[in-house]
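To start, the structure itself, in structure tokens.
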Amino acid sequence: MAVDGRLPINITFQSVDTAYVLISDFVSVLSCIGCMVIIILYVAYKNLRTTSRLLLVCLSVADIFVCISTVMQTEIYYESIALPQQKSYRCQISASLLVFSQICAALWTVAVTFYLFLCVTCCYVTVANRIVFLFHIFCWGMPILVATSAEISGVYGYSTQDLYQYHHPTSCWISDRVANPTQWHLLTVEGWVMAAFASVSIMYLFITMSVMKQKGRGRVLAGDDVVQELAIQTANEHLRFIPALYVATRLWGTAYFFFTRYQDSSHLRASDWLMIFKAIGDNSQGLVNAIYFCTSSRQVRLVVGKKLSTLCFCCSGWCKQQKLNAQDKWKGVNSIVRMRKGPKRPKQLDGSDLDLSGISLDLPTESTGGEDEVIFER
């Protein structure tokens, strides 16, 4: 039993738990940076603003919420060995943000895939553009509704069974004190994720087959602005891998859930290796999307390459300037030596201070013509 609100001494933080916390936080920071890159590129360049990329920006915002919730959950995961209060504000906020962000990421991935399905497979571009506002209502409103309902029902909390019986730290999600925790796990996060897996996988297959058919028979463009329509269609085709990346990254978290929660929690320590993959996969969607977004399209590659070249040029110029400043700082300076003079002696009026040692006096003789000449030689 707990003593003074703390668990027995054998509940310790193992190396795998430390690795899980550090990897989760590190990948989350990288993913946030990747999401910001996508948002900045979309806002800064008008030629990149298509509807499909706008939906990708919304997905990036959802991924930022996922990363923030992960950082909060890892902190609670670290402090769970001291058994904090079930109804603490930090636990309730982190659990609500976890549910909201995970459902948002799943729904926006479905929205991106469904939009591409309408544009590429069904060729209903006008219809797809008209229902974008419905994506915003559903993908932002439904997560808020689910998170609020779970908060009102009071199901957020820790799994005390993991702490007491299996000696394993835990995060704040669904408390094991509720009557049906597995159903709440499915209702809050995992059910939405698995539904997203199924729907995006089916639509991805149809989109891929449509792209292959269009490449075989050529593209049919009926609009007035052919160049713009071609650019939009190309962007849609390039973004078709976004749902596949979501499935590839988020699959590890779902697998960890089935191994540890759906059947028996006794597999917690046996599934620690899967927990590391979960830490990488669940938080890397924003990073993977950013890398793919910056490298898939030639238009985006030119923009990113130009900015990187400018940045490298500025950095090299700054380094050269610092090097020149360092050389000027250590350059030798001509020294000036001041000669110290002795005290000035006063002149003698009688001429006794004259120095005549270097002067010879030759007096004239008779052979010189008798002229009075005085020749001084020095």
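The backbone N, Cα and C atoms fix where each Cβ goes, glycine too.
As written in TrEMBL, here are the features:
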- 369-378: compositional bias 'Acidic residues' (COMPBIAS)
- 34-213: domain 'G-protein coupled receptors family 1 profile' (DOMAIN)
- 343-378: region 'Disordered' (REGION)
- 20-42: transmembrane segment (TRANSMEM)
- 54-73: transmembrane segment (TRANSMEM)
- 93-119: transmembrane segment (TRANSMEM)
- 131-150: transmembrane segment (TRANSMEM)
- 191-212: transmembrane segment (TRANSMEM)
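Between the transmembrane segment (54-73) and the transmembrane segment (131-150), the number of CB pairs under 8 angstroms, six or more residues apart, is three or more, so the stretches are in contact.
Beyond the ends of the transmembrane segment (93-119), by six or more residues, the same chain brings 51-52, 55-56, 58-59, 62-63, 65-66, 68-69, 72-73, 76, 125, 127-128, 132, 135, 138-140, 142-144, 146-148, 150-151, 156-157, 171-174, 188-189, 192-193, 195-196, 199-200, 203-204, 206-207, 233, 236, 239-240, 242-243, 246, 250, 285 to within a C-beta distance below 8 angstroms of the stretch. Long-range contacts of the transmembrane segment (131-150) within its own chain (CB-CB distance under 8 A, at least 6 residues past either end) are made by residues 51, 54-55, 58, 62, 95-97, 99-101, 103-104, 107-108, 111, 115, 156, 174, 184, 187-188, 192. In the predicted model, the domain 'G-protein coupled receptors family 1 profile' (34-213) shows an average pLDDT of 90.
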